[in-house]
Amino acid sequence: MPEGPEIRRAADNLEAAIKGKPLTDVWFAFPQLKTYQSQLIGQHVTHVETRGKALLTHFSNDLTLYSHNQLYGVWRVVDTGEEPQTTRVLRVKLQTADKTILLYSASDIEMLRPEQLTTHPFLQRVGPDVLDPNLTPEVVKERLLSPRFRNRQFAGLLLDQAFLAGLGNYLRVEILWQVGLTGNHKAKDLNAAQLDALAHALLDIPRFSYATRGLVDENKHHGALFRFKVFHRDGEPCERCGSIIEKTTLSSRPFYWCPGCQH
């Protein structure tokens, strides 16, 4: 599943394609959304917001399209009039004079009014987004030590979108390697230096992944700036200590770690 950096880059691509341009055609696959098609013709996208792995497309008439790609959803940008050859099922089409954005295969799609943005179940539950520039290590540290999260093992906590939105499996293993901790650690057991390092890594690594513009299915992000240190590198030597990276399963997801320097 794409993680926060990949979702934010998708939002950037959608904004670059149609932001501020009048919509000339709108189509929704789901019957409950059909009534909004005519309401959006002539309107424009004001901005595209991410909340972890959810995407909010805001329109000039104050409506907001909520979509969560889950495992299979994908957005594509095409020239208007182009019909991509794909076996995926089209769910949403937002067309302007020159560019069209298409959402395929997603099933979690809703249209929200302003007052619903604060009451939507997912948006209520999701924690602060790691890519939000206003989120600071101090706030992250407070969340780590809060009664709700301080007793949780990091293996599960770092996948919980209620803790911090936008984290996922590759970020989980890279963050824990960076700070030399395992998935079994808990915030309550860390000393001040460990806690500070973790709070910074929880923001720095996702932001580095996003800023250096890479692809999750390559072994690097945006050129050679971000490299996986442990993710999908089981059997290889750790670049920090030389021990062999191992793979196990934690919280039902593959977990990669170095037994030599994560303890």
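Glycine is treated like the rest: Cβ placed from N, Cα and C.
Here's what Swiss-Prot has on this protein:
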- PRO2: active site, schiff-base intermediate with DNA (ACT_SITE)
- GLU3: active site, proton donor (ACT_SITE)
- LYS53: active site, proton donor (ACT_SITE)
- GLN70, ARG125, ASN169: DNA binding site (BINDING)
- 229-263: zinc finger (ZN_FING)
- ARG253: active site, proton donor (ACT_SITE)
Distance check against ARG253 (active site, proton donor) for the recorded positions PRO2, GLU3, LYS53, GLN70, ARG125, ASN169, keeping those with Cα within 10 Å: ASN169
C-alpha spacing of the residue listed as 'active site, schiff-base intermediate with DNA' relative to ASN169 (DNA binding site), in angstrom: 9
DSSP-derived class (H/G/I helix, E/B strand, else coil) of ASN169 (DNA binding site): helix
Which of GLN70, ASN169, all binding-site residues, has a Cβ with the fewest other Cβ atoms inside 10 Å: GLN70
Those recorded positions listed as LYS53, ARG125, ARG253, and which of them has the most Cβ atoms within 10 Å of its own Cβ: LYS53
Per-state residue totals over the zinc finger (229-263) - DSSP helix, strand, coil: 0 helix, 12 strand, 23 coil
Whole-number Å value for how far LYS53 (active site, proton donor) lies from ARG125 (DNA binding site) (Cα to Cα): 13
Winner by Cβ contact number (other Cβ atoms within 10 Å) across the active-site residues PRO2, GLU3: GLU3
DNA site span - longest C-alpha distance across GLN70, ARG125, ASN169, in Å: 20
